[in-house]
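Comments concern the structure below.
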Amino acid sequence: MSTQAAFALKASLRKSMLRTLKGMSDGEVEKQSQAVFRILLDQPFFKEAKSIGCYLSMKHGELRTNGIVDHILKRGSTLYTPFIPPPPSRSPEAQSSSSSQDMRMLRLYSSSDLERCPLDKWGILDPGETRNDVEGEDREDVMNRSSPPLDLILVPGVAFDEECNRLGRGKAYYDRFLLSYTSKRPSPLLVALALSPQILEVSERVPTTEHDFRLDGVISPEGVVWREKK
């Protein structure tokens, strides 16, 4: 399949799946999120992980990570969450530069740090670049040499298949971050968190290109699917 054809199929699947997710009630999303949280708590890889990356979820149409994030902080593991820097200016040069918009993973320190985060325009908690619980202190970047290596990243997405391929939102934030991170550090375990409708039928596949990373596993309310190692 050509790259152009793959991108067209991705756009079509993304549009269809986002429509499905938008139609889910908040109550159903919460119910499925709690089911995934319970499954995750039972996994040895999660129990043993000392340094974890986890997204902060949107208010609607996405598996909620509130309980997961709170649990990680309270048990004392090191937690990093995605941060997308705002563009430095509105000039054409700044808008065309992908590097200014590359995702970083910054440390979230405590429950009080989390509780003081404002909401961004998507309704996602936004920790920003400085701590909320200690005045004037910058957040630790996971790319710093002094930062502990990530054991696990809990990854969001739009759709997934049984071979652990992932369809994101089309910005390639995670693809670029992982390419950069794994050029300096070992790859962490990559596990996606999914609502039931996000898992494609057995006969269906997420369209992919050579630049897409593959997950190690996907957790949905139905259980855990692991990628077959070849």
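Including glycine, each Cβ sits where the backbone N, Cα and C put it.
Annotation source TrEMBL lists ATP binding site at Lys10, Ala11, Ser12, Leu13, Arg14, Arg166, Leu167, Gly168, Arg169, Gly170, Lys171, Ala172, Tyr173, Tyr174. Cβ neighbour count for Arg169 (ATP binding site): 12 (other Cβ atoms within 10 Å of its Cβ, all protein chains included).
The substrate binding site annotation in TrEMBL covers Leu56, Glu62. For Leu56 (substrate binding site), the same-chain residues that are 6 or more apart in sequence and have a Cβ closer than 8 Å to its Cβ are Thr65, Val69, Thr81, Pro82, Cys117, Ile124, Leu125, Asp126, Pro127.
Positions annotated as region 'Disordered' by TrEMBL: 81-102.
Here TrEMBL flags 91-100 as compositional bias 'Low complexity'.
The Cβ neighbour count for Glu62 (substrate binding site), using a 10 Å radius and every protein chain shown, is 23.
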